[in-house]
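Colleague: Below, the features straight out of TrEMBL:
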type	residues	note
BINDING	GLY24, VAL25, ASP26, LYS27, ALA28, GLY29, LYS30, THR31, GLY77	GTP binding site
BINDING	THR31, THR55	Mg(2+) binding site
Amino acid sequence: MFSLFYGLWNYMFSKTEFHVLILGVDKAGKTTLLEKLKSLFSKLEGLPPDRIVPTVGLNIGRVEASNAKLVFWDLGGQEKYLDMRICKGHHF
């Protein structure tokens, strides 16, 4: 009986989680897009465009829409930081 109610509770109130990878070349606006999405879909105010610095490594942003959770992975596009993307044998 518990599993029936638990399954119903999860169906009614859980949100599906999606992972989105943002890739691009240098200065293409990846981090600006991430900050704009965070400011549109959350109560927090994002960084203004003139305060955004180049990404070293990655930025992760979480956004909750009506019935979904979105996790954005913003990977820096600078060539000199390419070796930072290799983590435990996985290439990003």
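Placement of Cβ uses the backbone N, Cα and C atoms for every residue, glycine included.
Nobody curates TrEMBL annotations by hand; they come from automatic prediction.
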Colleague: Tell me, how many other CB atoms lie within 10 A of the CB of THR31 (Mg(2+) binding site), whichever protein chain they belong to?
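Modeller: There are 22 of them.
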Colleague: Near THR55 (Mg(2+) binding site) in space, meaning Cα within 10 angstroms, which of the binding-site residues do we find among GLY24, ALA28, LYS30?
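Modeller: Of GLY24, ALA28, LYS30, within range: LYS30.
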